[in-house]
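According to Swiss-Prot, the features are:
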type     : residues : note
DOMAIN   : 22-125   : domain 'CoV 3a-like viroporin TM'
DOMAIN   : 129-186  : domain 'CoV 3a-like viroporin CD'
TRANSMEM : 32-52    : transmembrane segment
TRANSMEM : 63-83    : transmembrane segment
TRANSMEM : 88-108   : transmembrane segment
Amino acid sequence: MAFSPSLFQPLVIQKETHGGEPSSPNHVIACIPLTGYVAALVVNACFYPLLFCLPYSSCRASVCKTLVLYVLMLYNFILSCILVEDTQQPVGICLMVYCIILMAIWTIDRVRFCLLIRSLRPLIDMRSNFIRVNTVAGGVVIPVNYSKPWFVKNFNQRCRCTNCFFAHSATYLECTFISRFSKTTLVSISDFQLNGSHSTVFVPFNSRDSVPLHIIAPSVLTV
């Protein structure tokens, strides 16, 4: 209902002429009804909380958030086109400029990530930190929820997609942490076992920073 263009059809208001007054040209005023703006605000108000409240618990949830962002940008762009074509050109132009700038910044950022990690995954996943693992057969890129350059293999794996399962189970030659402004090679420093599962901690090579194992690993473990 909020997406219907009929809500944004301008209303034409004509000046009434009284019987005793001389006839004169009617003054026509065109305006978009309030329901159109209310519908647009309601849609945006519903999408933005959904965009920021969905968790990053899995790759599927992140893809859903990215699709919601695309739908929101498309909705606002179509709305701005409708406003520009009708009578609300200042409002429509401002909204269109906002949408174009937002889409340009998003596209540049995502294309840069695609070139950096040599994968199209950033186009459908809005996260900005990735782990790339290379094996003899090839490489796999998985997005991660944290921004620190470390990785714990086969531990607390929430996502069960093919790429995440491979990265947490395969034996690989190289592990790289890729963020927006850096690319860091990770090396294994410690192994531990928990509930019969063997996990490996990867940190940057020659790193002087301490690794908070109390955050990424439980307090009771066997090293």
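Count begins at 1; order follows the chain as displayed.
Heads up, the Cβ atoms here are built off N, Cα and C, so glycines get one too.
Within its own chain, the transmembrane segment (63-83) has Cβ neighbours under 8 Å at 3, 5, 8, 32, 40, 43-44, 47-48, 50-51, 54, 56, 89, 91-93, 95-96, 98-100, 102-103, 106, 124-126, counting only residues six or more beyond its boundaries. Over the domain 'CoV 3a-like viroporin TM' (22-125) the predicted model carries a mean pLDDT of 79. According to DSSP, the domain 'CoV 3a-like viroporin CD' (129-186) comprises 8 helix, 22 strand, 28 coil.
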